[in-house]
Number of protein chains: 4
Amino acid sequence: MADATSIKDLPSLTGLHQRRNPLEENPFFHPSHGFYITPSDVVLSQVVYDLSDASQPHVAYHRAGPRREILYEPSSVKAAIVTCGGLCPGMNTVIRELVVGLWELYGVREIYGIPAGYRGFYSMEAVELNPKLVHNWHKKGGTVLATSRGGFDLCKIVDAIQQNGYNQVYIIGGDGTMRGAVKIFDEVSRRKLEVGITGIPKTVDNDVGIIDRSFGFQTAVEMAQEAISAAHVEAESAVNGIGLVKLMGRSTGHIALHATLSSRDVDCCLIPEMGFYLEGKGGLFEFLEQRLKDHGHAVLVVAEGAGQEMIPRTESQKQERDESGNLVFLDVGVWLKSALKEWWEREHPKELFTVKYIDPTYMIRAVPANATDNLYCTLLAHSSIHGVMAGYTGFVSGPINGNYAYIPLEEVAQTKNEVNTSDPKWAWVRSVTNQPDFETNFKG
Amino acid sequence: MADATSIKDLPSLTGLHQRRNPLEENPFFHPSHGFYITPSDVVLSQVVYDLSDASQPHVAYHRAGPRREILYEPSSVKAAIVTCGGLCPGMNTVIRELVVGLWELYGVREIYGIPAGYRGFYSMEAVELNPKLVHNWHKKGGTVLATSRGGFDLCKIVDAIQQNGYNQVYIIGGDGTMRGAVKIFDEVSRRKLEVGITGIPKTVDNDVGIIDRSFGFQTAVEMAQEAISAAHVEAESAVNGIGLVKLMGRSTGHIALHATLSSRDVDCCLIPEMGFYLEGKGGLFEFLEQRLKDHGHAVLVVAEGAGQEMIPRTESQKQERDESGNLVFLDVGVWLKSALKEWWEREHPKELFTVKYIDPTYMIRAVPANATDNLYCTLLAHSSIHGVMAGYTGFVSGPINGNYAYIPLEEVAQTKNEVNTSDPKWAWVRSVTNQPDFETNFKG
Amino acid sequence: MADATSIKDLPSLTGLHQRRNPLEENPFFHPSHGFYITPSDVVLSQVVYDLSDASQPHVAYHRAGPRREILYEPSSVKAAIVTCGGLCPGMNTVIRELVVGLWELYGVREIYGIPAGYRGFYSMEAVELNPKLVHNWHKKGGTVLATSRGGFDLCKIVDAIQQNGYNQVYIIGGDGTMRGAVKIFDEVSRRKLEVGITGIPKTVDNDVGIIDRSFGFQTAVEMAQEAISAAHVEAESAVNGIGLVKLMGRSTGHIALHATLSSRDVDCCLIPEMGFYLEGKGGLFEFLEQRLKDHGHAVLVVAEGAGQEMIPRTESQKQERDESGNLVFLDVGVWLKSALKEWWEREHPKELFTVKYIDPTYMIRAVPANATDNLYCTLLAHSSIHGVMAGYTGFVSGPINGNYAYIPLEEVAQTKNEVNTSDPKWAWVRSVTNQPDFETNFKG
Amino acid sequence: MADATSIKDLPSLTGLHQRRNPLEENPFFHPSHGFYITPSDVVLSQVVYDLSDASQPHVAYHRAGPRREILYEPSSVKAAIVTCGGLCPGMNTVIRELVVGLWELYGVREIYGIPAGYRGFYSMEAVELNPKLVHNWHKKGGTVLATSRGGFDLCKIVDAIQQNGYNQVYIIGGDGTMRGAVKIFDEVSRRKLEVGITGIPKTVDNDVGIIDRSFGFQTAVEMAQEAISAAHVEAESAVNGIGLVKLMGRSTGHIALHATLSSRDVDCCLIPEMGFYLEGKGGLFEFLEQRLKDHGHAVLVVAEGAGQEMIPRTESQKQERDESGNLVFLDVGVWLKSALKEWWEREHPKELFTVKYIDPTYMIRAVPANATDNLYCTLLAHSSIHGVMAGYTGFVSGPINGNYAYIPLEEVAQTKNEVNTSDPKWAWVRSVTNQPDFETNFKG
């Protein structure tokens, strides 16, 4: 096994001395045989094989968990926690567990919350955190630390880290935030600071690669059911009623896809990974017309990133670009609603027709994490702590095939998790919804 | 008591013979003393008096409930039920209970559902209903019969009633629908048809007068809490965050008002009954600026009918009128969101600011009724049945000061229930939210 | 009107001077005409009349609300709030609103929470309360002040009131607590202390008289639906399945009755106000046998106080008495479950049979108040404050026919609200469930 | 890779001819490259390795999914579906998806539901199922087919299968049911019947081995939060309050463990896999006394199978054995509640103390599946169908390391999934709850 497997290496701090894990002296834990994780404990990145193909290599990641030897003297730790970007269920649970875990497992006593995202490092006062303060945070949506987009000023941030003496930095945020974390890690290394940097990917869209799924995602799928049910009721209670739900997912359709598979009320699910077209044979209108004819109503779920290239742009929208230089997103739900109305008005001017459009975005992302995600956030935070205490840096924790592992931060920042439309799961969606395979239709 | 009290008379069918209530022969009910309601049983319309004012008259309505003598031979009843207008929690419960009550209490066996609103009378086939079919309907949102707006063609509808031999018609709908019901009642009377017509007011906005409240309203207030909570989380998690929630209420602010009083997360509640202004001393912007300064965030609830006269209209919007000839409604939430952004950009161009706007309308009105409303819908349906069986027509059932009564349909169709901003309850809202009294501000 | 109406007088403090309501000087409120309530504003206690009966007198209560003149100098107020007895949804909302109302409307700054019920007055340290501290309490179930039963030591309590200088005491509790409050009021009067005493009836059972309903009741009925639904699923999924749910209600069956009317899954509802019997013609077993034969399953709701006299008592249970000298309550659900099993085993030993028994008591009473109850608790707390500030004492606030009024405390403590089984509402339950009229059956 | 890996073989039908998958001719699916699964596609059973240990073998299972060649002519399929044992969220979703999948993917038209468990094969009439009938079943708790325990009569069952001509049998049930399914498979093989037998493990306790988790489990953990929250509120609102929640789990503590990790309100979690003791140093009472001293309240979660050997048994209970010959289970919650009361009464007779005991079992298991479980049930049902259509028999579908695979039925029936108390996850529970390590304490 061993020689055929390549293991993803992790950066580690170098200037600190090894010492015994304080759990070792904790009369309470009695770490049993097998409790500590060693560097030879790995998680395979791939579990599905085609045995007829001999050429497949093994890749493995270091398993997450407590190490017998750590690199920090707990009383010298000064940890900073920051949350960046949009809201996602579970952020407060992650913060809470970082605080409780550092405090109770390792005896760390200096833990600071950076308010309002990256800019908080250099423009606001940090908040001292302790278990009593964060006691009920996991029952609240949003982030008590507050968050914001942008504000990434590398130099000012690393200056602030240095000046405040933070030697552990926990960064919770999306892909842009993770790319920022890589830069912070690089700059911290360049300055030869003994600061452990770890990223905790936060993306309700579930668009981060390598890990099984991101926290808050299951809660989002659960909450999306309410919107789909409401759209279904509206559609069913009308004559030729269409219920249209826009769900989160700028570049990936995971929420839309999972919400569709979890519900049974959806007739068609449109995602960014799959092209579609409205008019003509095999198009969406033809499909909906058939559904209305058969059932009298239809429910449509669309991920916010779907069909962007089809939405007509005004001149100013053609110029407007976001911080990353991409064209700004247009509202696919509003566009689709009006396209549907125009189509029907044109084709069936005398027949009743209703489109009810629901955009539940802020009602989904602002709720507290459900039980599944709360548990996930807890294990995630504890994994991160164990890794940082052991001296790893520039890494991310996360579940791989159900087991928590450590992954180089840079790798996570570069990988995207898209829906694989040639996967059986996608075929299943189509079989569940009987929805058209627009791409094949078009080619055909 | 008796002589000082004026009683609201009810129309009654005239061509039928009195007979004993079949409950009388039902071995099961054993109607006890006081079970039957007599014409001298009344409900006072007013319970709050200023005793220093001697001039106040008593007005009373006939109490709802079973009568010892009824006018229909159950086996000759052919009842029609129709739902019109938008969705409202509890519609299916009302339908279900009409069916179950007619069937089980009175032994009626011919009960028909008219699909898709008024137009269903003359353009679609009615659905035969029975207790088994409707068994679980009260657990579903919307209306299984389907509904639509418009389609009111008086002549065709009364022709259809006549041709199909319906002699009881239960009409569930909003104020427009009730005005239609008055016309149907008049036309049916003109044609001397022995058809009992009853209206069941359905308005999630609670804007119908005389009765204590309309069905579905409590459920809507309950559901609105989710949206307000989400807006609160979004606002709290941002720097200078505003959460903006638009709630139903075209001409009245009851949902907004009650949702605000039930929540404690709302800083300001804007309703159609109260003017407000944005700029200048005592205006909304000044108020919000102070709140952001004090708390870092604010939550705003706005009823859809508030501020309509302030929203700039395009030339075409100045022409566009709805079926009743009124100017079309513009989206106060979208307008307010952009007005807020412009204001901040102008006043504080360098400071962070976020407005998160939530429009939960379809997620509120499409849910099943909660327990409170389910019970209400049940008693409402049974009241209606007893009244119709007893020969009343052109009436509405509803709770007055907590007791079910019969009210002339015409009176209900003409009365509007607006929030009385000089009422202590309104003062309470202002005390709860500490929100500005824009009108006094302006005058002052 | 005036001369025919007798008004319920309220005790009032006598040794204090009248002064203007501080709302008067509040630049914010601008109390409009009609904002203040005067002593001649009353609420009629009865709204349903039989006009053929001339002898019915009018009784009225003083309307609750702010008075133009108050008796306390706000800066001299020292208020105490105590919660006694079992949990009920909304307790924290009442506490919160008492604190916020006293603080923000009247400028009171000394507000204390007495911990753990009556005994807290003399055995624990009071907690200083302010709006910031109680900010989120209305979102929590239970009572943050903690509660307990018993501990009523009149002398010690009044001593403590006197020694701590409390001049306003808000007592939240059940019927026993209210009887204690009467004694405190009497003793305070005897000692000639200028202390305003007000009771806020807390009974999830809704067994308090005069007022329309008690706070938390609607939430309890709502939550009971979950248990009934689960019992229904268990019953339906079995062969000859019985789902049995015990709901709160020691001497009254309001929760059971309303939960039954709100649901449609209940076949029979047993309450303390109605006798029933198991065996023989017209008994429960015969009824259930028929239901199982017809539908294959049945759901039974039983209030905890129903059938107490039928449950066999051991010798020790015959002696055991509660604090009030009554026989202790036995668990009717456990007894009924085993009686059902024995009956079936005896009658149909070879046929499958299942009873699933659910006791959701603590899951119902520990939840936060729903929107309806939150609003109620807010208006209730504010009514109480206005009354106490105006100098009323020995009174209770509460809604009468939908309007808040002040009621002598002693009257509330003596009145019981039982289900009136000759009321049409009870007939409606029987019609909804088609359940037997055990009493008539038995006589018959 | 290939040669080091041992693959778990699956039984297969032998007497049928291979034919093309009808999906192949479905104009809709356009099976893309990689859509079909081949026998060489496998899922590794182990993903966590210690690379320092060279001796670890690879074991793999055949991957689940559609095969290009199938063994049944769809028009000749006659499928039977049966549900056995207790309720579990998701049963109806599995049934629904089996029906919809067989009908829509493969064109099967004869699908029968066996009512009321195994006994239904020979004593009741099967119900014909189709997509329209099962349309909304996934929104209902329980099983519409009904279920029962026992009734396993091998000969009668296989006779019935033979006589009715069922050639596919889908058996949904717990471990006893799976052992029965093995016997049916053996007997069917002995009789040389060409009948595909597949088991779908249903255990809300999650005690089935090999697969990642069982359906309904996540829903149960989610629902358990409500009971824990209520117990927490009750405990916090009392003086020395204990909230005690019994959760499902006869031989394994997964629900208790996950519910504890998902909540943050639990002080101690007792499971069958871990011994504990009440009295003395390091015992439960000592721990609780400390918690009450520190926090004033405590919450205890106990799995129903925990501490069975500690509960005193009456003589008759020492004799009573269940169908498998084991001692009957006693109610650990009731016992613990009374043990706690006795302890306190003995140790602190004058101090207040309250234990509120909640048993939410039937309210947890009777709910519909949440989104996560609905999706799982869908993929599970479709996996089963593809396997049976491909000719596999005597197998079970289920997720292994996140990927659906086929597992020999016998292996599943013999394996138990217990909580591994030497696993880091268990250490995490202890760190989260700071609960005692009773076993080490005792030894120490």
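From the backbone N, Cα and C atoms, a Cβ is placed for every residue, glycine too.
According to TrEMBL, the features are:
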- C:Asp205: active site, proton acceptor (ACT_SITE)
- C:Gly86, C:Arg149, C:Gly150, C:Gly174, C:Asp175, C:Gly176, C:Thr177: ATP binding site (BINDING)
- C:Asp175: Mg(2+) binding site (BINDING)
- C:Thr203, C:Val204, C:Asp205, C:Met248, C:Gly249, C:Arg250, C:Glu304, C:Tyr362, C:Met363, C:Ile364, C:Arg365: substrate binding site (BINDING)
- C:79-385: domain 'Phosphofructokinase' (DOMAIN)
- C:Gly176: site 'Important for substrate specificity' (SITE)
Listed in sequence order, residues not in C:Gly86, C:Arg149, C:Gly150, C:Gly174, C:Asp175, C:Gly176, C:Thr177 with Cβ within 8 Å of the centre of the ATP site Cβ atoms: C:Cys84, C:Gly85, C:Gly173
Alpha-carbon distance [C:Glu304 (substrate binding site); C:Asp175 (ATP binding site)] in Å: 17
Nearest-integer angstrom distance between the alpha carbons (Cα) of C:Gly86 (ATP binding site) and C:Asp205 (active site, proton acceptor): 11
C:Thr203 (substrate binding site) and C:Gly150 (ATP binding site), distance between Cα atoms, whole Å: 16
Recorded positions near chain A, Cβ-Cβ under 8 Å, from C:Gly174, C:Gly176, C:Thr177, C:Asp205, C:Gly249: none
Candidates C:Arg149, C:Gly174, C:Gly176, C:Thr177 (binding-site residues) - the one closest to C:Thr203 (substrate binding site) by CA: C:Gly174
For C:Thr177 (ATP binding site), nearby residues of its own chain (Cβ under 8 Å, 6 or more apart in sequence): C:Cys84, C:Gly85, C:Tyr118, C:Ile171, C:Gly199, C:Lys202
Residues C:Gly86, C:Arg149, C:Gly150, C:Gly174, C:Asp175, C:Gly176, C:Thr177 [recorded ATP binders]: greatest CA to CA distance in Å: 12
Most Cβ neighbours inside 10 Å, all chains, among the binding-site residues C:Asp175, C:Glu304: C:Glu304
Filtered binding-site residues - C:Gly86, C:Arg149, C:Gly150, C:Gly176, C:Gly249, C:Met363 - keeping only those with Cβ under 8 Å from chain D: C:Met363
Cα proximity to C:Gly174 (ATP binding site), best match among recorded positions C:Asp205, C:Gly249, C:Glu304, C:Met363, C:Arg365: C:Asp205
Neighbouring C-beta atoms (10 Å sphere around the C-beta of C:Gly86 (ATP binding site)): 21
Intrachain C-beta neighbours of C:Met363 (substrate binding site), sequence separation six or more, cut-off 8 angstroms: C:Met223, C:Glu226, C:Ala227
Entry from the binding-site residues list C:Gly174, C:Gly176 having the most other CB atoms no farther than 10 A: C:Gly174
When distances run from the Cα of C:Asp205 (active site, proton acceptor) to each of the binding-site residues C:Arg149, C:Gly176, C:Gly249, C:Glu304, C:Arg365, the nearest one: C:Gly249
Site of maximum Cβ density within 10 Å, from binding-site residues C:Gly150, C:Gly249: C:Gly249
Fewest other Cβ within 10 angstroms of its own Cβ, chosen from the recorded positions C:Arg149, C:Thr203, C:Asp205, C:Arg365: C:Arg149
Pairwise CA distance, C:Gly176 (ATP binding site) versus C:Gly249 (substrate binding site), rounded so that it is a whole Å: 15
Integer Å distance between the CA atoms belonging to C:Arg149 (ATP binding site) and C:Arg365 (substrate binding site): 16
Cα distance (Å, whole number) from C:Arg149 (ATP binding site) to C:Gly249 (substrate binding site): 17
Cα separation, C:Arg149 (ATP binding site) to C:Glu304 (substrate binding site) (Å, whole number): 19
